[in-house]
Amino acid sequence: MAELQMLLEEEIPGGRRALFDSYTNLERVADYCENNYIQSADKQRALEETKAYTTQSLASVAYLINTLANNVLQMLDIQASQLRRMESSINHISQTVDIHKEKVARREIGILTTNKNTSRTHKIIAPANLERPVRYIRKPIDYTILDDIGHGVKWLLRFKVSTQNMKMGGLPRTTPPTQKPPSPPMSGKGTLGRHSPYRTLEPVRPPVVPNDYVPSPTRNMAPSQQSPVRTASVNQRNRTYSSSGSSGGSHPSSRSSSRENSGSGSVGVPIAVPTPSPPSVFPAPAGSAGTPPLPATSASAPAPLVPATVPSSTAPNAAAGGAPNLADGFTSPTPPVVSSTPPTGHPVQFYSMNRPASRHTPPTIGGSLPYRRPPSITSQTSLQNQMNGGPFYSQNPVSDTPPPPPPVEEPVFDESPPPPPPPEDYEEEEAAVVEYSDPYAEEDPPWAPRSYLEKVVAIYDYTKDKEDELSFQEGAIIYVIKKNDDGWYEGVMNGVTGLFPGNYVESIMHYSE
């Protein structure tokens, strides 16, 4: 500030005065030089003196101008710096004023609001009462809890047909069914094993019959005696019987048990009927009233003699009596018709009513069991099919030859866990078995195509939506002749050809015993 004041008050005004003085001096010097040149005799000397004065005058004027210009520029720089300082101060003052205005505005806005009561507490608060730790209790693992979840192996049920009609016909062709039949009950195991109540009957070798023995179909009408070595009740063996089977149907032999079967096919609905335990002594028949029974300790006692021929009136009675006895749960056999009485003092004895006989002997209705249905036409015409199936049980004219003793128990090899061994009087138990027609063990029906891709069984009910489709129930047998890329199959069922969704059926699986 002092420097600027000195410049403004001393140096700059001094420089200006020096310039004015130089101006006056230059005029006097010019007059002197002019007069000297005119008056001097030595013109050359006067000229040189004039040149010297001129040079000195120019130099002094230039110095004075330079000094004054420097002082002015220095004054301008000082003033510019002062202006910048003043500008900064003004900006600071303006910002301070703005801040003050903001504070005042916020204060005015805060007046219009209400106070909020905030409680100053910790974010995490420890519970007042600590929970007591729960003692660990080990629970046994339930391996069957997930058996009904997921897409596991679909086991085909052989002797059970669902009575609920799940109409899946409205589903799109590419979408699998969203419902499936209820899962079968588990019998104490994690998965369906070989001892499941729905599995196929175990293959059992048929009893051996002597060559000189001729089966008698009317022996079912004779008194019988239970073998003394029998220790297992018939009810202890899981057996399933079909009401649609005929007396000439195939027996569940090793061929029928080698298939994985489910449902009843298109033959009929199978009905599970438990085999009742035979009573120790049957009521005395009308034809042998007053006759004492045979002793129970005689395992090889001779059979009671029966007439060689049966009256013709017994055939319709036996055929007509089959249905009510079946419905009654096998209450008791029909009283036998005999012409000779058993020996005195012996109890009734049980014998097998099913014997493997000659394959060329035609079956007769009169010799059927009292609780069996009369043989159907298909069972009589499918005699040749029995060559590939189990032992054929036929009814022949009566014979007086006594039956052989029960065969010795033969071992049956099976996978683990093995089934319980059959009792020694197994063929006596076979006498109470109702024959059924196995749609999987028999040969293909007449309406089956000569060549087909595979044989499938329906696992859901389906109602057709179009004319070229098939409608079927669960358990129906279909022969697939073509598989389309869109998931639909073309097959034959009961002689009718049509389309059906491939996800509603499943191939009949085979397994080796």
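Positions of Cβ are set from backbone N, Cα and C atoms, glycine also.
Within the list SER162, SER233, SER368, SER394, the entry that Swiss-Prot describes as phosphoserine is SER368.
Looking up SER196, SER227, SER332 in Swiss-Prot for phosphoserine, the annotated residue turns out to be SER227. Record note: of SER183, SER416, Swiss-Prot gives the feature phosphoserine to SER183, with no matching annotation on the rest. Residue counts for the domain 'SH3' (451-510) by DSSP state, with H, G and I taken as helix and E and B as strand, are 3 helix, 31 strand, 26 coil.
DSSP assignment over the domain 't-SNARE coiled-coil homology' (45-107) gives 63 helix, 0 strand, 0 coil. For the recorded site, SER40 (phosphoserine), the DSSP three-state label reads coil.
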